[in-house]
Structures are given as C-alpha cells and as structure tokens.
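Record features, source Swiss-Prot:
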{"type": "ACT_SITE", "residues": "D223", "note": "active site, proton acceptor"}
{"type": "BINDING", "residues": "L115, Q116, S117, G118, S119, E120, G121, R122, V123, K138", "note": "ATP binding site"}
{"type": "DOMAIN", "residues": "109-389", "note": "domain 'Protein kinase'"}
Amino acid sequence: MLAMWRWVTKRSRLRRGHAHLGGNKGVRGICSLYLAGLSRGLSRVHAQRSHAATMADAGIPDEILYSDISDDEIIIDGDGDGDSSGDEDDDDGGLTRQAASRIATDLGFEVLQPLQSGSEGRVFVARRPGEADTVVLKVGQKPSTLMEGMLLKRLAHDNVMSLKQMLARGPVTCLVLPHFRCDLYSYLTMRDGPLDMRDAGRVIRSVLRGLAYLHGMRIMHRDVKAENIFLEDVDTVCLGDLGAARCNVAAPNFYGLAGTIETNAPEVLARDRYDTKVDVWGAGVVLFETLAYPKTIAGGDEPAINGEMHLIDLIRALGVHPEEFPPDTRLRSEFVRYAGTHRQPYTQYARVARLGLPETGAFLIYKMLTFDPVRRPSADEILNFGMWTV
C-alpha cells in the first residue's frame, strides 16, 4: 500500500517559517578527502555565502537568511490536502520536477507520487518495476545532496535515517531512502490531537537515542522538528533529513544559521556560539508539541516574522527569568531586557505550567528547554534520567 509522507500540511509550509539556514553548508565537515572544496559552492538561491557568521554580523535580515524557496509551490485542494506544483520555482538550481522525474525513471524507478520539494532537491515516492516495496527518492544537483548521501553512508542506527542507495546521473545525485508511513507532524495532524505521555515518551526516547548516536560521532543535526521525524508507529521512529547537519563538532562555535526558526535554540536565534545541545532543544520542542498539539511553544498560530522576534516571543511565553540567561553572550546582552521576574528561576516554565501537561512530560520539557545551553543536559544524560517507563 502506498504509504503517506505528507509534507504539504506542515507548519514549514503553512504555519511556521521553515528554513534550512545554511543547511546546504552544514555537512561540509565530512569526507574532506573526497569533497574538498565543495563547501565553497554550497548556497541557497536567497543566501549565497561561504561564512554564515560574516553575513550575520553584517546584519543580513532574516527574511533572506531564513528562507524556504519552495514555499510558493503549495496548492491546497478542496479536500484540504496539498500538492506541490510550479516547476518554475528554483528549488535545486534549475532542476525541475519533470527533469528530476525523468532522471529517476532513467535510473530504473517508477515514480508514483511527488512530495513537497525541499531545499536539497526534488522528492518522490517510487519503486522498482515489479517490486512491491516503495522508497523515497531525493533527487538534487546541489553539492549538499551528495554530501548528505556521503554522511548517511557513515551512519547505522535504528533511529537515524538509513541510505539504501546513492546513485548519480551526470551532476545529479539521487538518494534512495526508506519510505515511512508519515512524519510526526502529519501524524499529529491526521489524528488531530496530542499523544498521551506513554506514546509521546516512546517517540521522544527514540529521537534522543538517534541524537545520542549522532552526537557521539560529533554530528549536529541542527533541524530537529516534528516534520523531520518519520514513523510507522510510535515504536518505529526515525530521525531524518540531515541536510542541515554539521560534522566534527567539538567546542561551541557559531556554525551559522541553520534549521527552522520555531525549533531553533535560543543561542542560535541570538547568533551565539552553539553545539549539539541545540538538538536537545529541538527535541524538547517536539515533545511539547506531541503533548500539547496544536499549541506551539511560543504561542500563536502565525509563522515567526524573523529569528529575533521569535526569540522575544519565546522568552515572554516561557517566562524566562534574567538569572537563566547564560553569561557573556549576545543572548544576555541583547535579550535579557525581555525577561520577567514573575517566575522563580530554574522552575517549570509558565507556558508549560498553564497547560497542565503530565508531570513527567513537563519535567522532560523543562530539562530539554533549559535556556542556558551549559545547563541543558545532553541526549545521553536525559536517556539516563531513570524515569523512562516506556
């Protein structure tokens, strides 16, 4: 049966501002012997740069940096489902959907269904003629597609997306990926309600296991969100879309803007130094959304205007106390004035407390959304809390 991988009703298209900020640059730490120099060519149509920090310091507005150039493709039909159209959109440096589909056919696949294109290429559900099992094809000609494939070839974990094949047709790379039932955001949308703590715990534990594996290999995902978590059911969960990943991460540094505004950690939004703890923040946002759907962590239904405005909304919604801001950071110097003192520091966030979430869930959310990244526990530490019953 053709399973669904519905990218069309995601917040990244309709509600929240999706952005692979520097996502095409993120994997440039891998395979330097094979891909030396490719990172210089990694760019987005709206953000061509080799050093994210340079542009951030220059004050480049977020509407340029935080961009998803496939946003204009969406069409909502009468049934509320969506499909991407409009090959005039330049998602992949001029590779149209028709051209990508022809390449997939030339590589021996029968294309069954187009999916919403991402910044790294055109995406299809397909299968080999005569075979029942379906796969997902990501077809792209940007260096980032090749680099994501090279990264996936290094990975082997039940909770991280695997790579079935990596094929090439001239300058175009085709990644052959497993086809899951849906992503977590679509799962929540289809059930139109939150998960209970038992199921939410199973999902987030799998995500944390995948993150612990990546972080153990010094890989930072940088775009952990419900749309990038794929599942068959709550016991079969996979963290995917490593197009924004950064490798060889050791000490905190400013690795550029990447990911999605609404799930970015405060240190990224403030353009401070950061490390793998940003993925733990993203997982905390995911846990909140699974338990509080359709509510969002910062409140409101409109997409974030830009990163700084979202950060201000976040500080106010959570009721972050001035003492919780990390010292000697731009986060403190520029944003502490938006903090409040109506809540004691290092206690449950106001936003979470008002919703009456399960006690275990509220505790995990607070830990993963610890505002100071130095105090924020790692994925491994959270997995060892001893409170998991799922």
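Just so you know, glycine gets a Cβ as well, placed from its N, Cα and C.
Known features from Swiss-Prot, placed on the structure.
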{"residue": "L115", "record": "ATP binding site", "CB count, 10 Å": "19"}
{"residue": "S117", "record": "ATP binding site", "CB count, 10 Å": "28"}
{"residue": "G121", "record": "ATP binding site", "CB count, 10 Å": "26"}
{"residue": "V123", "record": "ATP binding site", "CB count, 10 Å": "25"}
{"residue": "D223", "record": "active site, proton acceptor", "CB count, 10 Å": "29"}
Pairwise Cα distance for L115 (ATP binding site)/D223 (active site, proton acceptor) [Å, integer]: 19
Segment-level pLDDT (mean, integer) for the domain 'Protein kinase' (109-389): 95
Between D223 (active site, proton acceptor) and S117 (ATP binding site), the C-alpha gap once rounded to whole angstrom: 16
